[in-house]
Every structure is written in structure tokens, then in C-alpha cells.
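S.K.: Okay, these came from TrEMBL:
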- A:36-150: domain 'PurM-like N-terminal' (DOMAIN)
- A:ASP38, A:ASP83, A:ASP237: Mg(2+) 3 binding site (BINDING)
- A:ASP38, A:THR52, A:ASP83: Mg(2+) 4 binding site (BINDING)
- A:THR53, A:ASP54, A:ASP133: Mg(2+) 1 binding site (BINDING)
- A:ASP54, A:ASP83: Mg(2+) 2 binding site (BINDING)
- A:ASP61, A:GLU276, A:TRP321: substrate binding site (BINDING)
- A:GLY132, A:ASP133, A:ARG159, A:SER239: ATP binding site (BINDING)
- A:ASP240: Mg(2+) 5 binding site (BINDING)
- A:313-332: region 'Disordered' (REGION)
- A:323-332: compositional bias 'Basic and acidic residues' (COMPBIAS)
Number of protein chains: 2
Amino acid sequence: MPDAAPATPVGSLSEEAVLAAILECLGPSDSLVGPGDDAAVLQLADARVVVTTDTLIHGPDFRLAWSSGRDLGAKAAAVNLADVAAMGARPVALFVALAMPPETTIGFVRELATGLREACDELAPGCRVAGGDLTSSDTLTIAVTAIGEMEPGHSPVLRSGARPGDILAICGEVGLAAAGLDILFERFRDEDGQAVAVDAGILTAPERTAVAGQLRPRPPIGSGAAAARAGATAMMDVSDGLVRDARRLARASGVTLDIARLALGPDSDRALRGGEDHALLATFPANTILPAGFRAIGSVGAAGPDPLTVDGLPERSAGGWDPYRDWDGAGG
Amino acid sequence: MPDAAPATPVGSLSEEAVLAAILECLGPSDSLVGPGDDAAVLQLADARVVVTTDTLIHGPDFRLAWSSGRDLGAKAAAVNLADVAAMGARPVALFVALAMPPETTIGFVRELATGLREACDELAPGCRVAGGDLTSSDTLTIAVTAIGEMEPGHSPVLRSGARPGDILAICGEVGLAAAGLDILFERFRDEDGQAVAVDAGILTAPERTAVAGQLRPRPPIGSGAAAARAGATAMMDVSDGLVRDARRLARASGVTLDIARLALGPDSDRALRGGEDHALLATFPANTILPAGFRAIGSVGAAGPDPLTVDGLPERSAGGWDPYRDWDGAGG
């Protein structure tokens, strides 16, 4: 059967034909049992399995005018890989539940599958899509579950393990994705607020980098297991903004986290509040030689009236993004 | 904080408040690391993990006029548990990505979580929801990933292992859910074809059973591992109808399956074509004493011109349900 033309809507193809096109873009999986049976079976390093799930929804999570299929596939992979990495684990497979309006083109679906594969190859070599599910929906929805393995002999790195005296450190971008989102909202919407296609030609190089950071984040996945090996006491990925997520880590650990504003660079406000970079925030015992890519941004103190301080002063802003409070219902 | 009133829309609550309500209904999880960290960590019986994902979407997969939150939670669990069972594995945990319109009530969300827990308790004791994700969406979407473990020393039972001379057997209902769907379509829609609430009082007892089989299927989850222990050569769950799924098993195994119509009971047409019961279809070596609940319905022969025959005659109908071809776009 020849491949369907890129503009062919999936609603005019059978589920089997759509699946075949996706599998072709994903390439082979080395699961014990891969796509095509009732479930996949994966061989892990030991008998502990790390599991996380995160979904991208058309509307609150992305605009199709801004994100290509490849961007979306890559982002859906990256945000889940980061959650596995944040446990100190190594991602081994992704499972993708894809729900699409019938008018979605097969070309878009192929791009999406390609983006999933590219992000795995780039960020977590050896990890592949090993299964999934296809359904129709009025709302394009990409629900990904990531599976990871622990290095034998190492324990998962929880949010709750930070101790007074530890160093607070981060690996990866903070604020870049938020800067990119600001550019998209300010410069690539029409008079009615609807998203319009990004014209990279009118952007400076740093602006293009920021937009790419929003549409296709590249969290430092391999640094999660490296942090576990270096003795990280607590870790999480920063998905909802540093203020919001650092506060969660502080509360889970029963400590105060103090961030040194100077360590966040010139745009420290955006670094504190912007989310979606999926940097790894971790604590390490004092005197630890930080693993490559981690930089100290503060310290861990005893529990006090405020779980989070910046330069010693209470930080009480909400920060970040809450899909229930903050989404205005716009699509595009 | 007191619980929000059942009619409170989730859009007026924070993500944390919605999550807290869900966790309360789910009860405790015995994961090594449970909800609240970046990912869950589960202890398995050995280093192989079984993973499957299946999604319920408002519109193609359910009508809210017919399904309660508890029905939907239970069904979303059951269809995924069945895929794990069909590998001969034991389900250990579910992960639930829930995407909801902001007007969804917290009462509905609590019901849904309760249905998930009830189905686990009833069908797969020891299995619990161990993590998930909450997002806003215009379309109510329940994407579940199920995690299972193999019994040490046993191999996964694939679709591809049936051999000529094997017995073809089934465990669980076939056709019941389709009968229920027919009742819903014929008797609980208004003049415009919109779904209206089910009035159980106008149904006979068998009709009520059929409707329950559609809205809240109860596949025989424990029988999957039992079939593996009994030496099943191939297995799958019947989600898209016996004709469609038996043909898939026959093709994967390179054999012909012959079904004896008489073994399907009085409503054999519906048993052949109806889906969504999630019975376990398996093949066993000749002379196997079938595990409890399995009944012989046919035999396995050498590959021939048609992968599936009924009483020796070629069966070429499509059967079953294809969301891309068959959904008419109706909601309700």
C-alpha cells in the first residue's frame, strides 16, 4: 500500500493505516514485546519501575499556529522524560495515547511521531516509543506515559530529601521558555488575539532561541541519573516555574529554600516565575562536587515561616501557571 | 479545608484542590513512591514490566447522559486491566491522565476516581491508581496507562503463538456490551438522536444486565495469569469484536481460526460482531484442561486463504468498531 499523501485527513483512513504511518516514523523498538500486541513488555535493569504521565492539550498547552507537529511530538516526549530524570532514573520507553480530530492530516501525524523519536534520540538515547493508543476526539490530545529504570543500587531521588545545610542547584534553562511564550503572545497574534504563524525572519537570534525553548524544550535528561550518582538528596523538574516548584520541594522536605537572585542571571524575575523549561532542581550535601551542568543557586535552611526565600526575604507570589485558573479558553 | 460541594466546577478550584479530592477517593497506594513526586516508583516481581494504554473520549467512547462518573472510571480501568491480563500478566498499577472542561463538577470527578478504585478492587485486587495528570480540555478525556508484572518464570502470552491443533477458547462475556449498546441507542435517545438518561425501571432484568455490560464491563482479569499458567499459546482481549480480533490473532500467528457458531450461544451474530466486552480469547495445546472460566469455542488450523472461518466457512465481514470510520461525531 503506497503512503497516503500528507494532506490526507486521518478520518478518511483506517486506524491500521494511521498506526502503520506512525510506526514507520518511530522506527524499531527493542522491547521484549513491542507495538502490535495487547501490551508491551520491557526488560528493566532491576525490578523497580519508574512511571509518569503528562498530557498536552490543544488550547491550554499549545497553539497549532505556533507549534509544528515535530515541535509537539518533541515537547510531549521532553516533559515526560524530565519527570523520569527528576527521580534520578533513566527513561527506557514512552507510551503515547493520541486523540485527534478526524480532519487532522496524516502528514501532521507523521511529523508528530518524528518529533517524538527525535527527542528520544537527542535527550534520552535508547528510549523509544514502545506502544500507544489512537482515538478520535474533538480536541487534539497527546497523553504520554514515560517508563524509566533505576540504576541498580541507587534509590529514587524524592522531593522530600533536602536537609538543612544542603546546596540548592539547578541544571538546564530557567526562564527561557517563558521568554519565548512572551514573544509568541506579543508578536505572533492578530488583532483578535488569535495565534498566527511564527515568522522567524523578524526575530533576533536570542529571540529565536527563546521561542525554540518554549516550543521545543531540551531538558538535561541524562543529568538526572548523574545527580543521583553524585548523591542528590532531593530533586524535581521545574515545570510550573521556580517559585512554585521550589516551594513544593521545600514543603515536601520540611525545609526553607533560599535562592540567590544573582545566580539566576540578568532576567531573574522571569527565571523565578516562568515555567516549562523542565530544568532539574536538586539539593546536594554541602561540599559535593556538583555534576556537570549543575550550578549552585542557593541553600537549604531549617523550616521557617516561609518555605521559600529569595536573598533571605520571604517569596510569597504564586508564580507559574495553573491550567484551571489561568487558561482563558483560547485555541488556535 | 472543607470539601467543595459536589456541584462546584473544577474551573473554580485550584489543581491542588482537585487532586486532593481525587486522592481521597482513590485511597492509599503501596508504591515505593506514590502520587506527589515527579514520578511513581513501583516494585515488581521481576525486571520485566508490562505496559499498555487506552483512552476514553467523550463522544466516540461515551455519552454523559448514559454513563455516570463511576461507570466511566470503572470502564477506563477495566479496558486497561484487560490488556495487561491478555499478556498473562498481573496488573499492579494504573496511571490516569484526566483532561476535563472547566465546568466539570468536582462531584463527577470524585465519582470517576471512585469508579477507578472500585474496578481495581473488584477485578484486580492489589492494583491501585499510583499516579496521573490533570489538565483542562474542551473534551473530557480519560487516558489510562496500566502497569503489570509477569509471574517469574513465565513468558508473556503473545498473539502470535497459536499453533495448528490448538483449542480456541474464551473467558468472559461476548456480545453482552453490544446488546447493551443497542438498547441504549434504540431506547434512550430523543427524536434528534441525542442520548437521554437511562430509566432502568422500563428495562427487564436481562436488559439491565446488558446495559451494565456496556457501561461497566467486568472482564475476567485474574483469568489472564491463570491462562498463562495453564500453558496458553496465544491470547488477546476482545475489544473490537470477536470477528475482528480473532482475525488479528490468526494473522499474527499465521494460522486459521475456526469458530463453532453453536458455542457462542443463541445470539451468535452479536457475539461475533459486538465489541467492548474485553473477554480473553486464548489458544491452548490440545488436551489442555482449560482454566476455570474458559470454554472452548473452536479450533486452530493451518494457514489457509481466510484467517477466520465460522463452522468451516470463510468469515469476511469487517465486524467491530473503528473510531476513525464509525464515529458520527455525536456527543451528549
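Any Cβ shown, glycine's included, is placed from N, Cα and C.
Where in this structure would I find these features, and how exposed are they?
M.R.: For A:ASP83 (Mg(2+) 3 binding site), the same-chain residues 6+ apart in sequence whose C-beta sits under 8 angstroms from its C-beta are A:THR52, A:ASP54, A:ALA146, A:ASP237.
Under a cutoff of 8 A between CB atoms, and with a sequence separation of 6+ in the same chain, the neighbours of A:THR53 (Mg(2+) 1 binding site) are A:ASN80, A:ALA143, A:VAL144, A:THR145, A:ALA146.
Secondary structure from DSSP puts A:ASP83 (Mg(2+) 3 binding site) in a helix.
Other Cβ atoms within 10 Å of the Cβ of A:GLU276 (substrate binding site), summed over all protein chains shown, number 25.
Contacts of A:GLY132 (ATP binding site) defined by a Cβ separation under 8 A and a same-chain sequence distance of 6+ are given as A:ILE22, A:PRO35, A:PHE95, A:VAL96, A:ALA97, A:LEU98, in order along the sequence. Mapped onto three states, the DSSP output places A:GLY132 (ATP binding site) in strand.
DSSP assigns A:ASP240 (Mg(2+) 5 binding site) to coil, not to a helix or a strand.
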S.K.: Select from the binding-site residues A:THR53, A:ASP54, A:SER239, A:ASP240, A:GLU276: which have any Cβ-Cβ contact with chain B shorter than 8 Å?
M.R.: A:THR53, A:ASP54
S.K.: Does A:ASP133 (Mg(2+) 1 binding site) have same-chain partners at least 6 apart in sequence with Cβ under 8 Å from its own Cβ, and which are they?
M.R.: A:VAL96, A:ALA97, A:LEU98
S.K.: Given the binding-site residues A:ASP38, A:ASP61, A:ASP240, A:GLU276, find the one whose Cα is closest in space to the Cα of A:ARG159 (ATP binding site).
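M.R.: Sorting the binding-site residues by distance from A:ARG159 (ATP binding site), the top entry is A:ASP240.
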S.K.: If you draw a 10 Å sphere around the Cβ of A:THR52 (Mg(2+) 4 binding site), how many other Cβ atoms fall inside it, taking every protein chain shown into account?
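M.R.: So the Cβ neighbour count for A:THR52 (Mg(2+) 4 binding site) comes to 30.
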S.K.: Please classify the secondary structure at A:ASP61 (substrate binding site) using three-state DSSP.
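M.R.: The three-state answer is coil.
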S.K.: Across all protein chains in the structure, which of the binding-site residues A:ASP38, A:ASP61 has the highest Cβ count within 10 Å?
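M.R.: The largest 10 Å Cβ neighbour count belongs to A:ASP38.
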